[in-house]
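Provided herewith is a single structure, encoded as structure tokens, for subsequent inquiry.
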Amino acid sequence: MREQSFSRRFKKGIREWILVIPFLLIGTVLFILFVLYPQIKNIYISFTNYSIMPGAKNEFVGLANYRKIFTDIHVKGSDAYFFWMAFRNNILAILITVPGQLILGLLVAVFIHNLRFGKNIYKILLYIAVICDWVVFCNIVDYIFQPDNGSLVNYILTSIGILKQPVSWLKNTWTANFVIWFCSIWKGFGWVMIIYTAGLQGIPMDRYEAAKVDGANNVQMFWYITVPGLKATTFYLLINLINGAMNIFIQVFLLTKGDPIGTTDVVMDYVYRRAFNYFEFGYAASCGLVMGGVVFILSMFLKKYLRYGQDE
Amino acid sequence: MKKKQTMEQLLVHILLILICVISLLPFLSMVSTSFMKVKGVLPNEPIIFPKLPLYTKNYVKVWFSGHFQTYFLNTVIVTAGGVFINLFVSVTMAYSFAKFKFPGKEFLFNILLLTMMIPAQLAMISQYTVLNGLHLIDDYKGIWLLWGGTCAAGSTFFYRGFFEAIPRELEESMYLDGASRLQTLLHCIIPLSKPAIATQVVFALNGYWSNLFDILTFTKSMNKRTLSVALQLFRGQHTTEFGRLFAASTIVILPNILLFILFQKQFIKQGLTEGAVKE
């Protein structure tokens, strides 16, 4: 009896797979080939001292790479010290750039959504920073944060009296970190805005009309209709933005290279340089995996508490 | 009442204009600088508007020097192929997850999600070995297949929600008329998801047009290089030649901005589903 129901379930499963496989196959194969397999191989690499030279022996070194990450954390100049410094900068980036982008993006999206005319022009204008090539974008950031008197940022800030003298933004730890965060927020909030305006379109207008009949004001409608109605969108954004902040890379790679002495470095840049400048692929892979583990746990935590796909 | 609403609208416009000005001022400064002879130390005041008459030599030099035109064409080709495979993979994958029932679905979906949490750049070493094994290094076909794989997780996640939001009644009425799964996808799901698809296309276009690291790592010869890579090399060689640097930069982002403005029309079509099932 039980066996029969099992075989029936099995047959049903096969039938369902036959239906879906034409749609699923190509994407899944490419995904396995270029994402899943490389990531698994990455785990293997982290236990070896891997070399990309053809014919090189990839010695198995056990946990040695991981041990390196956790020894002498407080000794200045050790590998662990620089890794955790970079890690700290990623955490700071999450705490600052994620709320920054979400709040700015949501506010602008709500503003634009409620306009009677001119919606598109604002969307287009605010999206320019998002679609801008990263290399171009970093050239611009580099330019406006030049140490001279006449650079855009120094000029404005000294003219309105916030600064007494020009600042060498990219040469000091905290100002350089500020520039890195500035990049993320400036380049990211337009994307958040676009996703939120798409989400806002999904909230039925009759809810607002019903609330208006009941005498709700704008602020109440924002908190009781808009925010809950955007829950799935916000979850999608949160996952992406946190992931983005953990993977901050290109602006550090192009603007500071982690200087001064690793204090503006982030994990991805650290990993990339250890891998491709010093060819320590094993160590780099283990650093990346530790980071991946942290991001993974964080995302699972979010998933549990925000529940994907349940809007109401 | 009406007056109050008009005031509100005006206030919102003023706020938005202010945000736009702040956000775009550096870009204006870039374009203006590209029309001036700026080299070495910066002038004492930031360049907001260019001095007339415009100095256009920067553009002439950039466009006719090196292989700029080849890079431009390469970028067009690589981006077009990338967007095509991205669209194909993400729509078929998301359709599978949104509208089919099959054993192991959530398991597979969780694997997709899981890979999204892991830093992408790290996999480059192993991706290189895969492409090398397929003899697709220094070949755009390799880049396209790679992008087909790397877009799968994120865009499946993105589309699934949109596809699931499409009411079942619409598809069921199509099945009753004898439509196949493929026909339902082509004539019901895709038309109703145009806004979402347009959004994804814009992101894909943008990402592939400006891609730096994949092209840098997986192509070897100079004649396969794209604009971003070329610009990065240029930046390394001429650090303080802001005039020429920004002339090149402006040429690089111009097509991107034009494409986005063109796509904008499709992008705004809204409320399609809202109108479709009204009792």
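Cβ from N, Cα, C; glycine included.
All annotation found in TrEMBL is predicted automatically rather than curated by experts.
I grabbed these lines from TrEMBL:
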type	residues	note
TRANSMEM	B:12-36	transmembrane segment
TRANSMEM	B:71-95	transmembrane segment
DOMAIN	B:72-263	domain 'ABC transmembrane type-1'
TRANSMEM	B:107-130	transmembrane segment
TRANSMEM	B:142-163	transmembrane segment
TRANSMEM	B:242-263	transmembrane segment
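Burial and contacts for the listed features, if you can.
Only residues 6 or more beyond the boundaries of the transmembrane segment (B:12-36), in the same chain, are considered here, and those with a CB under 8 A from a CB of the stretch are 46-51, 54-56, 58-59, 242-243, 246-247, 249-250.
Within the same chain, residues 140, 143-145, 147-149, 151-152, 155-156, 158-160, 162-163, 185, 189-190, 197, 200-201, 204-205, 208-209, 211, 215, 223-230, 251, 255 sit at least 6 positions outside the transmembrane segment (B:71-95) and bring their C-beta atoms closer than 8 Å to a C-beta of that stretch.
Outside the transmembrane segment (B:142-163), and at least 6 residues removed from its termini, the chain residues within Cβ reach (under 8 Å) are 78, 81-82, 84-86, 88-91, 93-95, 97-99, 109, 112-113, 115-116, 120, 127, 131, 134, 136, 189, 193, 196-197, 200, 204, 208, 214-215, 218-219.
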